[in-house]
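What follows is one structure encoded as structure tokens, with my remarks underneath.
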Amino acid sequence: MEVLVEETDIADKEPSGSHHILTADGRFSSSWDPWRKPSFASLLKFLFMRSEDSVPDSVSLEKTLPIIKADVSQFDKSPDSGIRHMWIGHATSLVQFDGVTLLTDPIFSNRCSPFQWLGTKRYRPPPLTIDQLPKIDCVLISHNHYDHLDINSVKALNERYGESLTWYVPLGLKQWMNDSGCSNVIELQWWQEHLHSPESQVKMVCTPCQHWCKRTLNDDNKVLWSSWCVLGPKHKFYFAGDTGYCNVFKEIGKKYGPFTLSTIPIGAYSPRWFLKHHHVDPSEAVDIHIDVKSKKSIGIHWGTFVLSKEFYLEPREKLKEDNKDYYYYY
């Protein structure tokens, strides 16, 4: 049984000034500064600047970013206390707490692209395959960019788990999920809440972030983007999605914090003239950690695909060097 909070109940709880804007031609926009959609010219300039030189050869990668064999057996039973987390790569995490096991933005493919023969190729493989995953209750999708919404992974997960798997997506994405074969899809807008099941008492909340959406030539921002709060009876988890920095994270922390654990992007931020409004750097990731009142946070969105100009280890090193009061490596 699934219970959807009524719109009238949600509207009373929303922080002011944090709604999405729907333009006359049906495109979403954010209601706070400094959000701005990248222009076509700036996008072309950025794509020509990007290069694979930021990643070393395979021998060096094995030494500096070794793939640790995943121990999936630990996910056989939800922990009595705390949150169990496994970073699979990029924005994909396996998370388990309060009787619920979930995935965030699953991408297991070799490329984040419309095609598997062309486009950005991952330089570190995932530590496990979809067939090796434990029982999954739900999947959180933050937006429709190819490095976060992968059609091959969606179809493979749907083939394995079927209707037992619940997909949580931001407004406008349900039809795409249905067309991809997924039937159990919950579509929410910002600040909308959904009780996953009366048994677990775990609540999913679609919350804002600062980003944009595009999947085809002319569908810019036809779909909403989001972060996600997962609120259990004993623990709280926050998935920041893909985002630039803005004041909405303070509102999320005030309304739903403190969080037991958060996953926050730290990579794909250079050059700042193009990416600042859409991708946080490591210092801004720490700002989000503070704003949402997270007790512990894990840096994601790095070490997997070449999406920007910074050296592949720079996100981790900058997080360590510039934020010594908050950095802990395990």
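Backbone N, Cα and C define each Cβ position, glycine as well.
Among the candidates His20, His85, His301, the residue that TrEMBL names alongside Asp147, His148, Asp242 for the Zn(2+) 2 site is His301.
Among His211, His235, only His211 appears in TrEMBL as part of the Zn(2+) 1 site alongside His143, His145, Asp242. Annotation for His301 (Zn(2+) 2 binding site): same-chain Cβ neighbours under 8 Å, separated by at least 6 residues, are His90, Ala91, Asp242, Pro265, Ile266, Gly267, Ala268, His279. Here the CA atom of His211 (Zn(2+) 1 binding site) lies 12 Å from the CA atom of His148 (Zn(2+) 2 binding site). Across the domain 'Metallo-beta-lactamase' (102-302), mean pLDDT in this model comes to 96.
In this structure, the binding-site residues under consideration are Asp147, Asp242, and the one with the smallest number of other Cβ atoms within 10 Å of its Cβ is Asp147. Annotation for the binding-site residues His143, His148: lowest Cβ count within 10 Å of the residue's own Cβ, His148. Ranked by how many other Cβ atoms sit within 10 Å of their Cβ, the binding-site residues His145, His211 place His145 at the bottom.
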